[in-house]
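Chemist: One structure, pasted below without further comment.
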Ligand code: S3P
């Protein structure tokens, strides 16, 4: 896991125009859910395009430890599930590495099984708040013994039968929503989640795809009421995981910023609850065209053709934040090269990701010559109007893959190279990132 790996510093420098066609690894959110739901189906599921990153490996190891058989068949993964209610007591702690999604979703699964499990994580994950899932899952009857502040390491004792709840999400979080829905799978009756602001809906789509009874009602104000009927029976599936739009964001923004670039990023998932970055970049004047729009594994997918574009700063509408919550670090870099001012607010959740992404990005961007003002809930960036940044600094990734990749992109548009102190965390979500960027023409040393 990234905690144990020695730091891997790498410098990214001004690149010639980027060109070529690439595909990015499978969607991380869908990959986690594919393994979890397949492990709860009765029979053998097949998963193509699974992200083979450390975070997903953490989920796979946990599902194996709780009884699923997970193997490889050529390029595809196979999962023999134990059935809803059939998860077994693991005989060791579940090591979650850097992965918040694995942790929060698996806490939901364990909460409604007769299992007592300890969850551990790396230094980054051990700082992240778990009370957001502990609270609703405790209301369903599970018992938690967390470290101070509701953090990892923590122990959970699940309960059978769990109690169905109705829960209104106090934060816009797909992880919290999904934890409750997964707990609801093995809970008698109807478990209801009320979501005032829509977040990524992969859990809903996939639970239905696996045969669970799940209803979604959308109110005129956009609130979504999601109901899952418990003691579900899941049927094994053949899943094709589309490319991750959150990973595609890095080569896309790099191509927009490096003069003369013309790049195709193929097979990008464009679920509307995930595609906010692409809408915002186009509002800023980005030349991104969607080619060969199609549906893969129940998700909209397209190839993105991206050409270098002069971007203009905007006020980013706060409604789009949940649909691009992971993409702000790289949007900050795009804003640093835009003409004029970009104002981004409503980003409180960025402070509790793999790092405090507002503070860490503000500090690193300043170190390489960008003009930024940190707000409690966001960032104001005054761009260079396309001129390169100064660069010439080493920035700290803080065990955060998206920070590392964002500053890699910044290095490509800086006068002096930008060194990232540790690129190892990139392996959590985007194995092959450095090779992919080098293949497009990036200068990496
Ligand atoms: C995820 C939800 C988001 C996102 C994370 C993946 C998921 O987290 O940041 O990378 O797969 O459900 P929150 O639920 O904390 O917003």
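Glycine is no exception: its Cβ is also placed from the backbone N, Cα and C atoms.
From TrEMBL, for reference:
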- 16-435: domain 'Enolpyruvate transferase' (DOMAIN)
- 28, 29, 33, 173, 175, 326, 353: 3-phosphoshikimate binding site (BINDING)
- 28, 100, 128, 175, 357, 402: phosphoenolpyruvate binding site (BINDING)
- 326: active site, proton acceptor (ACT_SITE)
Chemist: On a simple 10 Å Cβ count over all chains shown, which one of the binding-site residues 28, 128, 353 is most densely packed?
Modeler: 28
Chemist: As a test of reading the model: what is the averaged pLDDT for the domain 'Enolpyruvate transferase' (16-435)?
Modeler: 98
Chemist: Per residue, counting other C-beta atoms within 10 angstroms of the C-beta, which of the binding-site residues 29, 173 reaches the highest number?
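Modeler: Sorting the candidates by Cβ neighbours within 10 Å, the top entry is 29.
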Chemist: Let me spell it out: for each of the binding-site residues (33, 357, 402), count the other Cβ atoms within 10 Å of that residue's Cβ, using every protein chain shown. Which one has the most?
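Modeler: It comes out as 402.
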Chemist: List the Cα distance (Å, whole number) between residue 357 (phosphoenolpyruvate binding site) and residue 326 (3-phosphoshikimate binding site).
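Modeler: Roughly 9 Å, rounded to the nearest whole number.
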Chemist: Find the longest CA to CA distance in the recorded phosphoenolpyruvate-binding set 28, 100, 128, 175, 357, 402; express it in Å as a whole number.
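Modeler: Farthest Cα pair among residues binding phosphoenolpyruvate: 19 Å.
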Chemist: Under 6 Å from ligand 1 by Cβ, which binding-site residues from 29, 173, 175, 357?
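Modeler: So the answer is 29, 173, 175.
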Chemist: What does DSSP call residue 173 (3-phosphoshikimate binding site) in the simple three-state scheme?
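Modeler: In the DSSP reduction, residue 173 (3-phosphoshikimate binding site) maps to coil.
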Chemist: Looking at the binding-site residues 100, 128, 402, whose Cα is closest in space to that of residue 29 (3-phosphoshikimate binding site)?
Modeler: 100
Chemist: Could you state the CA-to-CA distance between residue 353 (3-phosphoshikimate binding site) and residue 128 (phosphoenolpyruvate binding site) to the nearest Å?
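Modeler: About 7 Å separate the Cα atoms of these two residues.
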Chemist: Would you kindly give the Cα-Cα distance separating residue 100 (phosphoenolpyruvate binding site) and residue 326 (3-phosphoshikimate binding site), rounded to the nearest Å?
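Modeler: Per the Cα atoms, residue 326 (3-phosphoshikimate binding site) and residue 100 (phosphoenolpyruvate binding site) stand 13 Å apart.
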Chemist: Just jot down the residues in the same chain as residue 175 (3-phosphoshikimate binding site), at least 6 apart in sequence, with C-beta under 8 A of its C-beta; none if empty.
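Modeler: Non-local contacts for residue 175 (3-phosphoshikimate binding site): 100, 101, 104, 105, 132, 133.
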Chemist: Looking at the binding-site residues 100, 326, which sits with the largest number of other Cβ atoms within 10 Å of its Cβ?
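Modeler: Highest number of other Cβ atoms within 10 Å: 326.
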